[in-house]
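Heads up, the thing below is written out as structure tokens.
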6 protein chains.
Amino acid sequence: MTRSDGRTATDLRPVTIERGWSTQAEGSALISFGNTKVLCTASFTNGVPRWLKGKGTGWVTAEYSMLPRSTNDRMDRESVKGKIGGRTHEISRLIGRSLRAVVDMKALGENTIVIDCDVLQADGGTRTAAITGAYVALADSLEWGRDKGFIGKNSKPLIDSVAAVSVGIVKGEPLLDLAYVEDVKAETDMNVVVTGRGLFVEVQGTAEGAPFDRDELNALLDLALGGTADLTAMQVASLAS
Amino acid sequence: MTRSDGRTATDLRPVTIERGWSTQAEGSALISFGNTKVLCTASFTNGVPRWLKGKGTGWVTAEYSMLPRSTNDRMDRESVKGKIGGRTHEISRLIGRSLRAVVDMKALGENTIVIDCDVLQADGGTRTAAITGAYVALADSLEWGRDKGFIGKNSKPLIDSVAAVSVGIVKGEPLLDLAYVEDVKAETDMNVVVTGRGLFVEVQGTAEGAPFDRDELNALLDLALGGTADLTAMQVASLAS
Amino acid sequence: MTRSDGRTATDLRPVTIERGWSTQAEGSALISFGNTKVLCTASFTNGVPRWLKGKGTGWVTAEYSMLPRSTNDRMDRESVKGKIGGRTHEISRLIGRSLRAVVDMKALGENTIVIDCDVLQADGGTRTAAITGAYVALADSLEWGRDKGFIGKNSKPLIDSVAAVSVGIVKGEPLLDLAYVEDVKAETDMNVVVTGRGLFVEVQGTAEGAPFDRDELNALLDLALGGTADLTAMQVASLAS
Amino acid sequence: MTRSDGRTATDLRPVTIERGWSTQAEGSALISFGNTKVLCTASFTNGVPRWLKGKGTGWVTAEYSMLPRSTNDRMDRESVKGKIGGRTHEISRLIGRSLRAVVDMKALGENTIVIDCDVLQADGGTRTAAITGAYVALADSLEWGRDKGFIGKNSKPLIDSVAAVSVGIVKGEPLLDLAYVEDVKAETDMNVVVTGRGLFVEVQGTAEGAPFDRDELNALLDLALGGTADLTAMQVASLAS
Amino acid sequence: MTRSDGRTATDLRPVTIERGWSTQAEGSALISFGNTKVLCTASFTNGVPRWLKGKGTGWVTAEYSMLPRSTNDRMDRESVKGKIGGRTHEISRLIGRSLRAVVDMKALGENTIVIDCDVLQADGGTRTAAITGAYVALADSLEWGRDKGFIGKNSKPLIDSVAAVSVGIVKGEPLLDLAYVEDVKAETDMNVVVTGRGLFVEVQGTAEGAPFDRDELNALLDLALGGTADLTAMQVASLAS
Amino acid sequence: MTRSDGRTATDLRPVTIERGWSTQAEGSALISFGNTKVLCTASFTNGVPRWLKGKGTGWVTAEYSMLPRSTNDRMDRESVKGKIGGRTHEISRLIGRSLRAVVDMKALGENTIVIDCDVLQADGGTRTAAITGAYVALADSLEWGRDKGFIGKNSKPLIDSVAAVSVGIVKGEPLLDLAYVEDVKAETDMNVVVTGRGLFVEVQGTAEGAPFDRDELNALLDLALGGTADLTAMQVASLAS
């Protein structure tokens, strides 16, 4: 089966990473997975929230948001509604957990990094693009912290890299990196977060239509491991440039 | 390894289901997984929200909440804080999706069911207990709707049953149905929602400590399928009584 | 006149008090007045809010809430609405004042007790059941505090007990402990909070229909003093068991 | 005992009622009980909220608020805090109930009256001054409605008048119409709402210090009935002017 | 052209300033511009917010609000809506900036003044009346602070006075101090804040209908400077009385 | 005087307009004034809000927001705080008014356009860049509406163009288009919104330090008219490309 944008089932969409997009943030990346574009910034602060003070460990957290017209129909702003929706909360928490999984908080020391992932344009896979770009911003902010002397010369706060991709079953066929038109038709939708070494950080599979069996689950995991390996290579290339 | 409460790795905690606990709700169940106690009520209303009117399909949604002193330390009420936290949102959404996966919305017709899962006491596994109890409340509310004539005599809105259990890796060993003391030590934590026929509705695995590999994932899924099969049998027995 | 549930005008509904229902709270009681069921927990914390520090006195406060389907028609959650309604505020304040009236804050010392009263099922009289059950939870939490050494051996923080009951005039007849079907028909509705020694802590009478005269007020107060004396005896029995 | 402002125990403070203070509202009164000053406006609208439409009955409701510097220390605005406190809710509800007790909703017809009571300066007794002034504003707005033809010529929506006063026990002595310096010292505090015919609409007695007995309750009610009779006469005079 | 209330284009409405209206606030003024009435209070506190501590400078801020029935149609309260509207925010900020422009924060020392401007009745020009009255309240609160010893004897925190007036173009003619009926018809509306020495603090001109040219802008500024000079004289007279 | 970035007093920063940046919105522009970057999208909807229905006129409104790390120090998100700040409100209202000043609502017909201006990077002048870019997005969305047949062939909803620039007095010298480092030092700051024909829509001058006199005001207006004429030319060029 050829997909509407000409990809095969195992192809990622074209991925670009504009590292250092922001002139203000300590680390940043404007990442695109096809038409999905997410601006990721990392804000590094020396010091930790009060509840962590004196414990010798750092903190990494994330916030995700969509611009009101990042989508095909305009959404109301959560700031105007006065509250954050469940989906936003869920994705912010997912990004934070994914990044913390590859950070040694002792090695980070009493420093705080807040990652903001703002979706400028949405065409499916915004949370996986966000995680993948956030890692690049995070890595650069850690280098900034090292340059400023907030992180010790021999400390290695990054214990691995992390990337994420969506997979799903559309009309019975497992596909990698769903675009929005595929996502809405998917019977099963899964987001998989994987480290550079190929270990799972998160596996979140949901039957949107029919429940799925063990074989389908395995096929999706295979696809995801292929995709995240490719994304890891792009992260490495971006950080080396 | 024997667990602190004497269970083996593949044992569920003692499970009880008090079906029909509420004299007011159209369906209800007070479910306990060990010391975890969740009151599940199903509120059946003839009619649907405005955005669904005239489409001939129904709606099922869920809300989860914890009493402030269901936990070991008292938590502030979300009503007092004036906003719902990310975890609450996430679990409410999970319960709603899990139930909708086994309901044929066309067969339900233009009726709405709201499931409330209120945790009276928490000792790990509150979301999986909630899903398992919510199914019983849902099934009874559907019978109520049929008795009242809101659902046709030959309509079969329930296409399967659904149950859920948590699994996790503690000190390297995969364990079924984690109690709170185990949950806080788990390296990996997974909630698995499975239908009566043994198909997956949700697989949500998270590396709390070290990332996990494919073999560990498979061991956890095996455990979960065993646990949910047992829970399915208890649901069947409860609904038959 | 015989009432719909067979009681005479001066009868309470069947009252049960499950003391120590919660395995987590320092004191707890699941109280029922007929079909009205309220879970009362007392959370004891050593220390006081900042504004009381160093004054040598403690603090007792209460929060009341109803589960969304405790009532015949489902109510929206106050956490979802993002604000607490006037009735909830009013009852939380009433419970707190009623309990503080029997506590010697100097003898309590710099300790804080938060009482949560969550209505699991509502059939009239939820605030009076809450006060009556909350006293039992409070008393047990004070014993817990004494056992832990947070309250001195010879301190007597409890200077009296407290219980509450509703009374009202229905079709011209004063009745004790109104059930919901009576409450909605009452011309006058009064909640009376009385100590174990028979003194008034709160008298809140409201003309829902016709205003009431001095004789009617007196008849209601007579009924209430009888009812609270009976409730006091049940509290004593529960705490002695 | 002479009181700090020279009154006897049974004296009201000087009361003034500036009827028609507002050039905009359909009815209004700026009432003062000593230094307590409350601006009461009645907004009359033809029509009722959706939930009352077609039932042929009207609606009367009230909102109470204090200016931030009406008190000795400035309070934060509830609009800035983003939520209304329990005390504000409680008093708004009390004013609304008190007014509705003297209005025949059928005779009012499908019209809505919103009473706003804004405390410009507070020196004790703000809620009782508000009720007493609100009645005057209400009465004038009903005449406005009759003039405009929204209320029938022979309809009599007002079935009685209503006034309110605070009473309390200070150093063992029952006193009428407490000023702020007395209120903070009161062992017992009671607000009593009475109709022009001398019937009770609300009796709200609270033991702030020691609980009170039946004799004390009776002494307070005697005082209150004397005070409200005087206030009724002033309302009559104001409306006749 | 004669205006509806008989004024010429360059006339202010009758202005009254009741200095010291409040018995509680450290400074206060009830100001009226025709039927527009604004109660301005100044709350003086020794000390500054945490972010200013130790810098030796003070702080002046303002809050503006309208009573719900200050207008011809009743507005919902912002406290009930749970949020402050854009217009309220905008005017509060304008008043605060205007007052700070004439205060030497070093000379004020570590003291805080909060100005509350509550509109009791609105007939156009509420923000300009608020600024003009707020200055009087501010001046009196500074004297209070000097009397109490919070401001040094030789400190001169007031470096100038400040007053404000609205001007606008109605049917092509520039008019001073618009009443509400004129304001709604104005093609251009401008609020001008001017010091006692005749310097501009704020110039806020808005084309409500057709955009305006340089000549019109100049005509409006001429009118405003005349009006604020008159208001300055009234402030001086009020503070001298 | 040469400015820190080498500009003369009358130079704009380099301005770029990426028209059609968004693949989703009916009109869009990514505009930069030096390092200030604002993404402007126009969402065109056929139909109007309820309060405008049946009047034959359209509606144009705007919302402004800053990404949390658009600034040098990270700001908390307004969605997380649960309320919109005064500055955000103020700027959103300014943008909306500025655009409505050049739209003939009758010619627009019953259509609604919502303009979102999201600041991706902030270096002074975000509101003026937003207005200038918003006009381009608005113009394109109107063409889209005409293409779709929602706007009549001969209707001319745009009666003029609109652009904006900031001016200010820094160390006594009037400067055009202040960068952030200049803005914080400015004694006077003014935002001027001007149509393509050179008429004023908004003039908002504020004395941040010393009040300003008539000559300074005139010098600033001269500068602003020069800057907006240049911006108008760039808008024309962008829309012609």
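Cβ atoms are placed via backbone N, Cα and C, with glycine included.
Please treat TrEMBL annotations as automatic predictions, because they have not gone through curation.
The domain 'Exoribonuclease phosphorolytic' feature in TrEMBL is assigned to E:12-141 (among others).
Every protein chain shown contributes to the tally, and the Cβ of E:Thr126 (phosphate binding site) ends up with 24 other Cβ atoms within 10 Å. As annotated by TrEMBL, phosphate binding site applies to E:Arg87, E:Gly125, E:Thr126, E:Arg127.
The domain 'Exoribonuclease phosphorolytic' annotation in TrEMBL covers E:161-225 (among others).
Under DSSP, E:Gly125 (phosphate binding site) is assigned to coil, being neither helix nor strand in the three-state scheme. In the structure shown, across all protein chains, E:Arg127 is the one of the binding-site residues E:Arg87, E:Arg127 with the greatest number of other Cβ atoms within 10 Å.
Shown in sequence order, E:Tyr64, E:Ile91, E:Val119, E:Ala122, E:Gly124, E:Thr128, E:Ala129, E:Ala130, E:Ser166, E:Asn191 are the same-chain residues outside E:Arg87, E:Gly125, E:Thr126, E:Arg127 whose Cβ sits within 8 Å of the Cβ centre of the phosphate site.
The DSSP breakdown of the domain 'Exoribonuclease phosphorolytic' (E:12-141) into helical (H, G, I), extended (E, B) and coil residues amounts to 42 helix, 43 strand, 45 coil. When the record's phosphate-binding residues E:Arg87, E:Gly125, E:Thr126, E:Arg127 are compared pairwise by CA position, the greatest distance found is 13 Å. Mean pLDDT for the domain 'Exoribonuclease phosphorolytic' (E:12-141) in the predicted structure: 96. In sequence order, E:Arg13, E:Phe33, E:Gly34, E:Thr36, E:Val165, E:Ser166, E:Asp177, E:Leu178, E:Ala179, E:Asp183 make up the list of same-chain residues 6 or more apart from E:Gly125 (phosphate binding site) whose Cβ falls under 8 Å from its Cβ.
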